[in-house]
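One structure is given below, encoded as structure tokens.
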Amino acid sequence: MGKEKFERKKPHVNIGTIGHIDHGKTTLTAAITKVANLKSGGKFISYDEIDKAPEEKERGITIATSHVEYETDKRHYAHVDCPGHADYIKNMITGAAQMDGGILVVAATDGPMPQTREHILLARQVGVPQLVVFLNKCDLVDDEELLELVELEVRELLSSYDFPGDDVPVIRGSALKALESDDPNSAEAKCILDLLDACDSFIPEPVRDIDKPFLMPIEDVFSISGRGTVVTGRVERGVIKVGEEVEIVGIKPTVKTTCTGVEMFRKLLDQGEAGDNIGALLRGTKRDDVERGQVLAAPKSITPHKKFKAEVYVLSKEEGGRHTPFFTGYRPQFYFRTTDITGVISLPEGVEMVMPGDNSQFIVELIAPIAMEAGLRFAIREGGRTVGSGVVTEINE
């Protein structure tokens, strides 16, 4: 059996379930795969298969995640579900599972709970564009007014974190009843189809990497006598065409140059695009003007910064992290894309220290500027080992 060819007829969207423990995230994930696949003839994955999520390593951090996929008439979805609360935090901060949108699961029997709030905040911090809400276990609540009240509470909570609480679709239903039904057109399964419709219409289609402005982290620099300087790396986004102007950004003052050649596997190309490992020949650039850790980027598309706010997960001792807490003034290395840069941490007012296993927000000031924008991921390292993982939430200067 050869590998099935992935047919790219529909837009691809990455999505995931978030919400408080035992509110039904995994049951909903199973119900969606069942109903969607009964409708489109795909493969159903049971609750138990999803629940025994395999552990994956992302930047040295172990995260248990389940991946399922399903289709609607309009889209192909890749869906992540995590068994434990800590897995969600790690997943969202490391970007192990990039989310173009999320399904917030709230049990109508409980209403919003502490983790509901924490997941909404994290979604906001790491830049998940939109959420839709599934109000679960509605079959266990007889009182229509109570459902109205829970829905209102969820909408207000979303608004308080800058999601459009008044406009977010809220679908009511029972994931368990939908999962028990074998007919996708049954009354029990209708809530799942409504939820998928809401995802199709409310979660924006992601901009493909190739359609974004060009950026390539520089991994290596060579000089080729008579031709100039070649920088190599993997194109992160966009397209670079021979003859185009690019900027070298980060560490040193930004300089402009022209790309006079692109090669891949020793063959000359007209262009390099997102995902390609290329060498780019730069006109008039000296070998010493460029170094690993800088980026090659479309002019004016990204700027270098030193000071930023971050949301960070600090590895526990068991994960190979620190054994002791750290305080304001802690100076580890921050690994951005291809290089380590030293930086100093300032904890927010009222936060005395950060313990291994915590997630926290704080300000970082690097000793040299790095090409950055909100949403950029980084690792925190100490003597070459990873002790934390973070995402830039706001740029200060």
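Yeah, the Cβs are placed from backbone N, Cα and C, and that goes for glycine too.
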Subject >> Annotated region 'G3' segment (source Swiss-Prot; candidates 53-56, 81-84, 117-120, 205-208) >> reply: 81-84
Original post:
Do you know which of 35-39, 60-64, 85-89, 365-369 Swiss-Prot annotates as region 'G2'?
Top reply: 60-64
Subject >> Range annotated as region 'G4' in Swiss-Prot, from 136-139, 184-187, 232-235, 328-331 >> reply: 136-139
Original post:
So which range, 3-10, 19-26, 283-290, 299-306, gets flagged region 'G1' in Swiss-Prot?
Top reply: 19-26
Subject >> The one of Lys25, His85 whose CB sees the fewest other CB atoms within 10 Å, among these binding-site residues >> reply: His85
**OP:** Could you put numbers on the helix, strand and coil content of the region 'G1' (19-26), residue by residue per DSSP?
**Re:** 2 helix, 1 strand, 5 coil
**OP:** Could you give me the DSSP helix, strand and coil counts for the region 'G2' (60-64)?
**Re:** 0 helix, 4 strand, 1 coil
**OP:** For Gly19 (GTP binding site), just count the other CB atoms lying within 10 A of its CB, please.
**Re:** 25
